[in-house]
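If you check Swiss-Prot, you get these features:
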DOMAIN    108-315  domain 'ATP-grasp'
BINDING   134-195  ATP binding site
BINDING   Glu285, Asn287  Mg(2+) binding site
Amino acid sequence: MNVLIIGSGGREHALAWKVAQDPRVAKVFVAPGNAGTATEAKCENVAIDVLALEQLADFAAKNVQLTIVGPEAPLVAGVVDLFRERGLDIFGPTAGAAQLEGSKAFTKDFLARHRIPTAAYRNFTEVEPALAYLHEQGAPIVIKADGLAAGKGVIVAMNLDEAEAAVRDMLAGNAFGDAGSRVVIEEFLDGEEASFIVMVDGQNVLPMATSQDHKRVGDGDSGPNTGGMGAYSPAPVVTAEVHQRVLDEVIYPTVRGMAEEGNVYTGFLYAGLMIDKSGAPKVIEFNCRFGDPETQPIMVRLESSLVLLVEAALAKALDKVEATWDPRPTVGVVLAAGGYPGDYAKGEVIEGLAEAAALDGKVFHAGTALKDGQVVTSGGRVLCATAIGESVSAAQQQAYRLAEKIRWNGCFYRKDIGYRAIARERGES
């Protein structure tokens, strides 16, 4: 069989790499893909943009038996609705269900309706009432642009000056284009974050391995938020007890609530959670797709066929399958372009990929392209060096061995990915 993966990031390279391992799969097409998917075994890039929905459907109808969607934008735009109208097998939520990511205000109101634990919040479209609420609440406080802002439309303000600036920026200045025309202001939650990703078939849920990502650009979680600078799996904060609480208090009520409201959810569902000291989870955000960079370490740990799991989900039979995992921890370190998450150069030649490929581990491509036979940078997050180990510290060391082989003008990465789990291993926390 042939499979189409929609997207061009590190997540899509990891999904394509995993799908290609299934012996039944002859070819994996990636639209539009990157330099990593261009050279991956059994994979081929197709020059179709992720938002060219009609072209994607035409291609899928002629060439593949199954489509898996990577990024959020085509989901929110209705790619699943279009494929289903044409009778094409595709794994992902409809546009209605993808509102869980497409609108933070929709999500907060949904959580409140279904009594799913989350931070206290209010929605605003005008500056003055928003500022008045800030002064009532005090800092630290969180300000979020309502729509899709590539994971960067969230400001954690540690004082009221920062909070006011963020509100004025998003509402008066519309810093994030249309996404900022409404803001959600919510309480600052204390605790440890975890990424809890599941597959959903409309009714049944199959949990993926847990993970934790590192949103801040700098070591020690300093600097601005990014799309994610690295991740590890599993997340030790999600104990067996916390795992069950997340399913009972967050995931099942969400899947039931969406179905009750006429938005039956199929696809990957990613709950970004804050776990407090007592093990109680609260929802920070939902994403309607696999996380990036969490996909990379999670796919390295997945021993089951991803294709089989997706087929089970499309047959509404996720209760009949189990996923098997390598128990060893895996760490992924993102190599980024100088200046990210602000302005950065593109087109820098990347060296050392062959040396890294000779080591244990896997370098997944994200913002890369092929130019005159060379791999060059084409995005802010460029690569993700991913390795497995007997411990988190062993996996981390191996991931950094891979990263150290790779060079380009302006390359940088965090040096402390996995630090919380390593502190736990050493009995420091």
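Just so it is clear, glycine is given a Cβ too, placed from its N, Cα and C backbone atoms.
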About how far apart, in whole Å, are the alpha carbons (Cα) of Met158 (ATP binding site) and Glu285 (Mg(2+) binding site)?
20
Which site among Leu134, Met158, Ala166 has the most other CB atoms no more than 10 Å from its CB, taking these as binding-site residues?
Ala166
Nonlocal neighbours by CB distance (under 8 Å) for Arg182 (ATP binding site), same chain, sequence gap 6 or more:
Ala105, Asn123, Phe124, Thr125, Asp146
When DSSP is mapped onto helix/strand/coil, what comes out for Asn287 (Mg(2+) binding site)?
strand
Taking every protein chain in this structure into account, which of the binding-site residues Asp190, Glu285 has the most other Cβ atoms within 10 Å of its Cβ?
Glu285
Can you tell me how far the Cα of Asn287 (Mg(2+) binding site) sits from the Cα of Val142 (ATP binding site), in Å?
18
Could you state the whole-number distance in Å separating the C-alpha atoms of Leu134 (ATP binding site) and Glu285 (Mg(2+) binding site)?
21
Determine, to the nearest whole angstrom, how far the Cα atom of Glu285 (Mg(2+) binding site) is from the Cα atom of Val142 (ATP binding site).
12
Name, in the order they occur in the sequence, the residues of the same chain whose CB lies under 8 A from the CB of Val142 (ATP binding site) and which sit 6 or more residues away.
Ala119, Val154, Ile155, Val156, Ala157, Ile185, Glu186, Glu187, Phe188
Within 10 Å of the Cβ of Asn287 (Mg(2+) binding site), how many other Cβ atoms can be counted across all chains shown?
21
Could you check what DSSP calls Leu134 (ATP binding site) once collapsed to helix, strand or coil?
helix
